[in-house]
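Read the structure below first, then the notes.
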Amino acid sequence: MGNSAAREDFEWVYTDQPHADRRKEILAKYPEIKSLMKPDHNLIWIVSLMVLTQLVAFYLVKDLDWKWLLFWTYVVGSCISHSMTLAIHEISHNSAFGNSKAMWNRCFGMFANLPLGLPYSVSFKRYHMDHHRYLGGDGVDVDIPTDFEGWFFCTPLRKLVWIILQPLFYTIRPLCINPKPITRLEIINLVVQFSFDALIYYTLGGKALFYMLVGSILGLGLHPISGHFIAEHYMFLKGHETYSYYGPLNYLTFNVGYHNEHHDFPSVPGKNLPLVRKIAAEYYDPLPKYSSWVKVLYDFVMDDTLSPYSRMKRKLKGDLKLE
């Protein structure tokens with residue numbers, strides 16, 4: 001189905017990522033942005049309500065007919081699950097309790113992780129910090145696809161399969177690109193998560209567990225919100241490494257669409273990123289942007305010039321400070 005993508009390698013660049021320099025320039029001109037670098041304590045209540053909502057949903061779906069279970073799993077469960085992964089993204093930046101209470105944030109991330117079904121929050125934090133420090137870094141940034149992904153998923157049909165299988169690739173990619181020794185916190189995350197899964201299964205049954213696990217997988221695969229995976233850093237326009245999205249799904253995703261703003265100011269919680277854009281509008285308005293994640297997914301699949309190889313990549317030099 002369709003032609004193969006034209007790219008046969010990543011877009012190798014020999015310059016540093018643009019975010020550090022732009023951050024310095026904006027802060028020199030607008031030092032008031034520093035006042036936005038503070039915890040968002042509303043995250044605590046929002047995430048707690050999301051966990052409670054999923055617990056109620058587990059109970060409500062436990063006796064549903066399978067066709068209705070599948071319907072509600074995709075329509076409701078997948079949306080909440082994907083939204084929760086982006087809440088965990090916020091928590092990984094210590095946005096819930098602040099940098100002075102890092103362990104509180106790690107524990108809260110494990111709590112937010114519970115309705116996802118698979119241990120995720122602690123490992124995500126470790127790799128995500130590398131992504132910010134070394135964006136596009138060869139052998140470090142696991143957000144960059146492997147060479148196999150770029151080589152194999154090169155036709156529209158294969159790219160569609162690749163999007164559906166995003167949860168799988170985000171799971172195995174770190175093991176191929178930048179494996180890290182497992183930590184005590186990751187073991188705790190795993191034990192807590194699987195204990196919770198067992199509790200759900202024994203108290204509410206297999207359908208509740210299905211809703212939890214399959215909802216997470218579907219939400220991170222072929223789903224409108226999953227457009228952000230492609231929109232954030234895939235090079236739709238040559239020379240542009242990061243892109244923002246300013247559409248309505250930001251309300252469900254803690255403003256993850258404000259991605260240029262986020263990489264420029266990772267200490268600013270999602271709720272304040274629109275203020276960053278407003279204050280420094282002359283820096284962000286000229287940058288390429290999206291208004292539809294669904295269109296991003298469609299264009300990525302159908303455009304023969306785009307593939308998993310459509311990422312800017314750089315060799316890293318000097319001593320690396322890895323998580």
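Here the Cβ of each residue, glycine as well, is placed from N, Cα and C on the backbone.
Owing to the predicted nature of the structure, the values given are computational and were not obtained by experimental measurement.
The feature transmembrane segment is assigned by Swiss-Prot to 41-61, 68-88, 104-124, 152-172, 185-205, 210-230, with sequence analysis given as support. As annotated by Swiss-Prot, motif 'Histidine box-1' applies to 89-93, with the evidence given as a curator's inference. Feature annotation from Swiss-Prot assigns motif 'Histidine box-2' to 128-132; the stated evidence is a curator's inference. Look at Swiss-Prot and you will find 259-263 tagged as motif 'Histidine box-3', backed by a curator's inference.
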Per-residue pLDDT averaged over the motif 'Histidine box-2' (128-132), given as an integer:
97
So which of 68-88, 185-205, 210-230 is most in touch with the transmembrane segment (152-172), counting Cβ pairs under 8 Å?
210-230
